[in-house]
Amino acid sequence: MRKFYTSESVSEGHPDKLADFISDSLLDEFLRQEPESRVAVETLVTTGMAVVAGEVRARSAHVDVQKVVREAVQKVGYTRANYGFDAEYSAVLVSIHEQSPEIGGTVDRSEEWRQMTPQERARPENTFSEVGAGDQGLMFGYATDETPELMPLPISLAHRLTRRLAELRKSGALPYLRPDAKAQVTVVRNGEPHEATETHVDTIVISTQHSEDVSQEQIEADMLEHVVRAVIPHELLTPETKFFINPSGRFVIGGPHGDTGLTGRKIIVDTYGGAVPHGGGAFSGKDPTKVDRSAAYYARYIAKNIVAAGLARRALVEVAYAIGRAHPVSLRVDTYGTGTLSDERLADLVRAHFDARPQAIIAELDLQRPIYAQTAAYGHFGRPEFPWEQTNKAEALRRAAEELKQEA
C-alpha cells in the first residue's frame with residue numbers, strides 16, 4: 001500500500017522565522033553577557049514594526065535590545081524600505097520585564113532540593129537536583145535511519161530546498177529572489193519508513209518572494225534547475241514527480257509586510273516535519289532552564305544514540321516534567337517494533353545512561369552559551385554543529401544491550 005508523507009520548511013526570511021531569529025538573537029546576547037540569564041522573549045513583526053516582549057532575569061547583563069533586533073533583521077536581508085519592513089527604518093517596541101519571582105524561585109531550588117538535608121544535598125547523585133523544570137509539559141525526540149543525519153526524509157529534503165534558496169539569494173546568483181520563501185515535499189513509499197522498498201518524491205511545492213521584474217516562467221525554470229535538481233537526489237525524482245512553483249502567482253509582497261510573524265509558530269518545521277507527535281512547546285527565545293527547549297533537545301540526543309547504536313531503526317523518546325521538580329515525571333521509548341530489545345528494556349537503558357534533570361541536561365550539552373540564533377531557521381535537528389546531535393553514547397548503549405541479551 002502506498003503511503004504519503006509530507007513536510008514543509010520555511011526560509012529565514014519567513015515572518016515567523018524572522019521573529020524566531022530575533023528572539024534567539026536576544027537570548028544569545030543575554031547568555032553571552034551572563035550565562036545564567038533566565039530569558040523568555042517573544043517577538044511580533046509586521047509592516048514597519050517589531051514588538052519584543054517577555055520576561056528576563058539577568059543581574060549583570062545590559063542588552064541593547066534595539067541594536068540586537070536591527071542587526072538580526074539586517075542579517076536576514078530586510079535591508080530596503082520598499083520591502084515594507086527593514087532594519088533601519090522600522091519601529092522597534094520593547095516591553096521586557098522581570099521574571100516572576102514565584103517561577104524563578106521554584107526553578108532555582110527544586111522541590112526535591114528543598115526537601116533534602118544539607119548532607120543529602122552533598123551526595124554526588126544529587127549534584128544536578130538543585131534546578132527544577134521551568135514548566136510542566138511533554139517533549140518528544142525522534143531519530144530514524146532513513147537519512148544519514150537520522151532524520152525523516154521529507155523534512156530533510158524540505159530544509160535543503162529552503163537553504164538552497166537562501167544561498168542563491170545571498171550569493172546574488174538569482175538576484176530577483178527576496179527573503180521570504182517556503183518549500184514542501186511529499187514523499188511516497190510502499191510502506192512504513194523502516195519497511196519500504198520503494199521511495200520517491202511525489203510532489204514539490206516552492207513559493208519564493210521575488211522582485212517585480214521577473215516572469216513566472218523564469219522563476220519556474222530557475223527553481224527546477226538551480227534549486228530542485230541541485231539538492232534533491234536524482235534517484236528520488238521520477239517522470240511523475242509534480243512541481244508547483246509559486247502556485248499562487250506573483251509573490252512580490254512578502255515578509256512581515258505580507259504576513260505578521262510571531263515567535264513559536266513553526267514548531268513542526270523546527271522539529272520532525274509532522275512525522276511524530278509534538279508536545280506543543282516552542283523553542284525560540286527560551287533559555288535552557290525551559291524544558292520545552294532543553295528537554296526536547298535531550299530527547300533527540302537519546303533517540304539518536306539509540307538508532308546510532310543499532311538498537312532500533314526508529315526511536316521516539318517522550319519525557320514529561322512538573323514545574324519546579326528536577327526529575328522527569330515520565331519517560332517512554334517507542335521503537336515502532338524495530339528495537340533489538342523491548343521498548344521497556346530500552347527505557348531502562350536510557351535511565352541508566354542519560355540524566356534528564358534540567359541541570360544535568362544543561363551541563364552535559366553545555367547549553368548556557370550563545371548558540372541559539374543559528375537554530376532559528378532550517379530545523380533544530382539533523383545538523384552536526386549542535387551538541388544534541390552527538391552520538392557519543394551509542395557504543396556504551398550497544399555494549400549494555402549486549403550484556404542484557406546475554407543475561408536473558
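Here the Cβ of each residue, glycine as well, is placed from N, Cα and C on the backbone.
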Can you tell which of Glu55, Glu217, Glu220, Glu225 Swiss-Prot lists as binding L-methionine with Gln99, Asp259, Lys290?
Glu55
Quick one: which of His14, His62 does Swiss-Prot put in the ATP site with Asp180, Ala181, Lys182, Arg250, Phe251, Asp259, Arg265, Lys266, Ala282, Lys286?
His14
Go through Asp16, Asp259, our binding-site residues, and report the one whose Cβ sees the most other Cβ atoms within 10 Å.
Asp16
What binding-site residues among Glu42, Ala181, Arg250, Asp259, Lys266 are found with a C-alpha within 10 angstroms of that of Glu55 (L-methionine binding site)?
Glu42
Using DSSP reduced to three states, classify Asp259 (ATP binding site) as helix, strand or coil.
coil
Take the region 'Flexible loop' (99-109) and count its residues per DSSP category (helix H/G/I, strand E/B, coil), listing them in that order.
8 helix, 0 strand, 3 coil
I'd like to know the mean pLDDT over the region 'Flexible loop' (99-109).
79
Neighbour count first, Cβ atoms within 10 Å, every protein chain included; then name which of His14, Arg250, Lys266, Lys286, Lys290 tops the list of binding-site residues.
His14
